[in-house]
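J.: Just dropping this structure here.
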Ligand SMILES: Cc1cc2nc3c(=O)[nH]c(=O)nc-3n(C[C@H](O)[C@H](O)[C@H](O)COP(=O)(O)OP(=O)(O)OC[C@H]3O[C@@H](n4cnc5c(N)ncnc54)[C@H](O)[C@@H]3O)c2cc1C
C-alpha cells in the first residue's frame, strides 16, 4: 500500500482505530496467521463507508472479520485492509411494537453471540439458545449462518442492515436473502462483499429461568463433545449430506493425525487443533490429507466450513 493511501486512511480514521502491519493471529481462535497491511477497528459507520471508498478506488483487498472463530489466515498474512467492528457496533435494542408472540430486536454486527444469548436470557426472550457456547460475532454468525442442534441463525432473521457494494446502506428483508447450511449465498454482489452492519431477529417471550436452564444444558452438552484445551476454529469441514464429517474422519482412523503443529483432535474428528506453533501451511496440508483419505474410503468430498484469508 503506497504512502499516499496510508496517509488518506490515517486521516479518515478519526473515531476508528488504525493499526499498520498488524499481526492477525491474535484475532483468530486458531491463533495462526501472518500480518495484515492494515487493521481498522471501526467505530463509526460513515468512516467505514469512506474507508471502503478509498480502499476500493485503489484496488486494495479488504475483508471484514468478526472474532476470527471460523478463519484460517495465511502465514504470509493479508496484503490489504482488515476491518472489524468496535464497541459501538455491539449494541442490542428492542424494536417497537410486539407482533403477537414475536419480539423484534436489532443487534449490531460486532455484538458477540455470547452477549446476545445472555441479554436474551435476562430479557426473557427465547430463540437463540442454540448459540450458547459458540464464539464469534453476530456479523460473522450471519455470514456463516451459524447453527447448532438443528437450528440456524437465518431462521431467526427478519432483515439485515447491509453496507452494499455501491457504498449505500440498506435494510434487506430476509425473504430477499439466500441462506443455506453454513452458507449465505448472496454474501457478495457483482464480485464485492456485502458488509453486515446489524441483524434484526424475531424472538418470542418465555420465562428467563426456563431459557437459562436450556442454555445451561446446551453448554454442558457442548463441553462434553468438543476439545477445549487446544486452539481451533470449531468444525473444520461442513457435514456432507446425510453424514457427519467428524464420524467419517474418525472411521478413517485419522484422530490424532499430525502435520507439523496441527493435529486432528483426539476428542472430535472434525476439529483440527493447533497443538502449539502450528502454521497455516500445516493446517492446509492436514486438511488436504484428510480430504484425500475420506474421498478414498467413502467417495465423499469434504468441503471446508472454515473461511480462508490471504491464500
Ligand atoms: C470452539 C468453537 C465452537 C464452534 N461451534 C460452532 C457451532 O456449533 N456452530 C457453528 O455454526 N459454528 C461454530 N463455530 C464456528 C464459528 O464460531 C462461527 O462460524 C461464527 O459464526 C463465526 O463468527 P466470527 O465473528 O468469529 O466470524 P469470523 O470467523 O471472523 O468470519 C467468518 C466469515 O464472516 C465474514 N465476516 C465476519 N463479520 C462480517 C461482517 N460484519 N460483514 C461481512 N462479513 C463478515 C468473514 O470475512 C469470514 O468470511 C465454532 C468455533 C469454535 C472456535
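Any Cβ shown, glycine's included, is placed from N, Cα and C.
As annotated in TrEMBL:
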ACT_SITE  182  active site
ACT_SITE  235  active site, proton donor
ACT_SITE  305  active site
DOMAIN    32-206  domain 'FAD-binding PCMH-type'
J.: What does the structure give for the C-alpha distance between residue 305 (active site) and residue 235 (active site, proton donor)? Integer Å is fine.
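T.: Rounded to a whole number, the Cα-Cα distance is 7 Å.
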J.: Please work out the mean pLDDT for the residues of the domain 'FAD-binding PCMH-type' (32-206).
T.: 96
J.: How many Å lie between the Cα of residue 235 (active site, proton donor) and the Cα of residue 182 (active site)?
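T.: That comes out at 11 Å between the alpha carbons.
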